[in-house]
Amino acid sequence: MAAQVASGVGNLNLNSEDGAAAKNISAQGSPENEARESDGEYDDDQGAPELGNTTAAKKKKKKTKKKKKGTSKVQTEPPRVILSSLFPNNQYPEGEIIEYQNENAYRTTNEEKRHLDRMNNDFLAEYRYAAEVHRQVRQYSQKAIKPGQTLTEIAEGIEESVRALTGYPGLEEGDNLRGGIAFPTGVNLNHCAAHYTPNAGNKMVLQYEDVMKVDFGVHINGRIVDSAFTIAFDPVYDNLLAAVKDATNTGIKQAGIDVRMSDIGAAIQEAMESYEVEIKGTSYPVKAIRNLNGHTIGRYEIHGGKNGKSVPIVKGGDQTKMEEGEVYAIETFGSTGRGYVRDDMETSHYAKIPDAPNVPLRLSSAKNLLNVITKNFGTLPFCRRYLDRLGQDKYLLGLNNLVANGIVDAYPPLCDVKGSYTAQFEHTILLRPNVKEVISRGDDY
């Protein structure tokens with residue numbers, strides 16, 4: 001969902017409850033041990049029976065075992081263990097810490113303390129919680145996604161894992177506003193760069209020769225972590241992916257307090273367009289998609305709201321500066337096509353407009369649907385599958401009416417020319433007073 005338009009497994013079963021444990025995470029006790037302890041199977045106080053109690057001891061069939069000390073809870077495959085049980089003290093891993101370059105390295109002591117006091121409480125804990133959920137879900141997904149799966153299976157598997165790890169299933173009123181999915185899972189194939197998720201009945205299947213951008217978000221109390229990666233099975237696309245990953249990392253390196261957006265865009269474009277990719281004997285320069293941008297992230301507002309800023313991925317233009325305390329999605333898109341996207345295909349993504357006008361609605365279906373959207377999503381983006389999941393039906397007329405009245409925005413898929421291939425990588429960064437934190441960084445990208 002993160003893309004902002006410039007103005008102008010075999011069989012994957014991510015829903016399966018089976019699977020071996022994947023990732024050891026420091027915590028106290030294992031899930032199995034805790035369950036046994038609660039049933040009384042383990043008892044440290046039990047020793048050898050006294051002489052007068054030998055009969056009672058013989059009758060006791062449960063085998064006495066010592067508690068295992070130091071064992072760690074683990075995440076399952078697919079991910080289903082709520083993250084708070086793996087980190088009982090709410091001490092979630094920090095992201096990659098990067099010092100500011102040159103003149104941005106020095107911040108006055110009092111200013112730093114004031115801001116750190118504000119950031120080192122719920123703000124950072126909630127962001128790091130969301131980021132760790134994103135890492136665990138995507139790292140499993142990158143291993144599990146295979147050709148032959150439907151896009152619906154892939155998207156819903158990721159979403160089910162996010163709901164499980166955050167502990168917010170999203171079926172009760174207001175549940176999704178407390179935490180969970182921040183926007184619909186984008187599974188964008190080939191020339192489609194962004195904003196595509198399957199609607200109900202979609203039968204599209206992932207093929208070996210496809211290039212798929214997977215873009216999903218996690219939030220805790222409106223603190224949104226927005227990160228994306230690209231999957232390609234055919235090594236012919238390796239240079240395309242390398243170009244975009246390099247460009248995103250270049251943007252992250254350049255970003256910082258008082259840095260101009262135009263300078264970041266120029267560095268991103270230079271990095272990306274130094275690559276080319278050969279497909280079926282033809283060489284294609286990798287072009288930065290000039291009308292897609294990174295962006296600020298606000299609380300419950302993926303594009304930062306009315307005061308949001310854009311981070312270009314080409315040179316020229318905006319002289320606006322980044323500021324301390326801001327949160328950014330640094331994302332880049334590369335293409336073998338024209339390097340320009342347009343609206344295409346069936347719309348699936350929608351979002352209620354912050355401070356939308358108070359328009360009298362004549363259609364009762366529109367009124368009812370607006371109430372559902374407000375109570376379940378607020379200003380977080382949603383898709384038609386999410387409305388289906390809440391039991392809504394025959395809502396398209398009302399939804400289109402909300403769009404027509406300027407209350408809800410529609411976000412159609414954004415595509416380059418057919419036959420081209422696009423790639424995306426994205427991270428969320430926090431501009432802390434003395435360092436920037438790449439909150440979504442992982443071992444994978």
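Residue numbers in this text run from 1 along the chain shown.
Just so you know, glycine gets a Cβ as well, placed from its N, Cα and C.
Now, the feature entries from Swiss-Prot:
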- 1-80: region 'Disordered' (REGION)
- 57-71: compositional bias 'Basic residues' (COMPBIAS)
- H195, H303: substrate binding site (BINDING)
- D215, D226, E426: divalent metal cation 1 binding site (BINDING)
- D226, H295, E331, E426: divalent metal cation 2 binding site (BINDING)
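When Cβ atoms from all protein chains are considered, those within 10 Å of H295 (divalent metal cation 2 binding site) total 23, not counting its own.
The two recorded residues, E331 (divalent metal cation 2 binding site) and E426 (divalent metal cation 1 binding site), show a Cα separation of 4 Å.
Restricting the binding-site residues D215, D226, E426 to those with a CA within 10 Å of the CA of H195 (substrate binding site) leaves D215, listed by sequence position.
Between the listed binding-site residues, namely D215, E426, the fewest other CB atoms within 10 angstroms of a CB are found at E426.
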